[in-house]
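Visitor: Copied straight from TrEMBL:
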type    : residues           : note
BINDING : 237, 246, 249, 251 : [2Fe-2S] cluster binding site
BINDING : 274, 277, 285, 288 : [4Fe-4S] cluster binding site
DOMAIN  : 9-171              : domain 'Anamorsin N-terminal'
DOMAIN  : 267-303            : domain 'Anamorsin C-terminal'
REGION  : 218-237            : region 'Disordered'
REGION  : 274-288            : region 'Fe-S binding site B'
MOTIF   : 274-277            : motif 'Cx2C motif 1'
MOTIF   : 285-288            : motif 'Cx2C motif 2'
């Protein structure tokens, strides 16, 4: 029997299927019980019933599957994940499985690389191949009978993998060192030659060698002229046939149009020809537009309705 590192007091699970010879299975279990002793335990599980078993997480130290001589067990992804679940942290899985050496499309028998990838995806680490050997005539016949598969490029490979030293979903507190450093910060050394390039002192400048420019010489005669207010008006103000100030006008067009409107209203009022219209109807002529209106003070604005103007 191969050396699986089994010692006294360990819990070992042996997984078998219908291709496993019964006598070889019993012989393996007897040898394992001798190694584990009274304090250990050897459990025998059928691979088809493993998913329905009542094993708790982290139940076994070592799991052996397909290692029975003459066995041709295939391990699905679900079976590998279940084996990883019931393994204890740091426990090992040893399995033996027929593999294809040639690339065959849609083959139920995987290659060695795909089998190792499946073990890694199930949660195991340190996955490696232990041994590769040809199938015996009994194993070739077992593949044909139990797996309904026939190929001339089959080999038997033994692979092992370990469960990480932590359980899925476990947590650990991180210890962070937040102590303040008491030592003063060390400034980086500065090259004197480099520091001199970026240092400027008063002695480095000579007033006699520096030409100063008069600020007035920078201005042209056109810069001293007062601009025309009309040239400062926005281009959109007052353009077109109808002058109209824009919203929130700041160029003065709105005030200018308001003054023009008030002048038009003043000029549109009827003017007195005799100068006596404000005295009342007794002093007004027959064509006075203020006939029928009360007397008013000179200069007071009197608005006439359209009816009065039409009657006049």
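Indices start at 1 and increase along the chain as displayed.
Note that Cβ sites are derived from N, Cα and C of the backbone, with glycine treated the same way.
Note that the structure is a prediction, hence the values are computed from the model and not measured.
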Visitor: From the Cα of residue 251 ([2Fe-2S] cluster binding site) across to the Cα of residue 274 ([4Fe-4S] cluster binding site), what is the distance in angstrom?
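Guide: It is 43 Å, counting Cα to Cα.
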Visitor: Could you round the CA separation between residue 251 ([2Fe-2S] cluster binding site) and residue 285 ([4Fe-4S] cluster binding site) to a whole angstrom and send it over?
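Guide: It is 48 Å, counting Cα to Cα.
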Visitor: If you count Cβ atoms within 10 Å of the Cβ of residue 285 ([4Fe-4S] cluster binding site), leaving out that atom itself, what do you get?
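Guide: Its Cβ shell of radius 10 Å holds 11 other Cβ atoms.
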Visitor: Determine the minimum-neighbour residue: among 246, 251, 274, 277, 288, listed as binding-site residues, which Cβ has the fewest other Cβ atoms within 10 angstroms?
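Guide: Comparing Cβ neighbours within 10 Å for the binding-site residues 246, 251, 274, 277, 288, 274 has the fewest.
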Visitor: Ten-angstrom check, please: count other Cβ atoms within 10 Å of the Cβ of residue 249 ([2Fe-2S] cluster binding site), all chains counted.
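Guide: Taking every protein chain into account, the count is 16.
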Visitor: Looking only at the region 'Fe-S binding site B' (274-288), how are its residues distributed among DSSP helix, strand and coil?
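Guide: The composition, in the requested order, is 6 helix, 0 strand, 9 coil.
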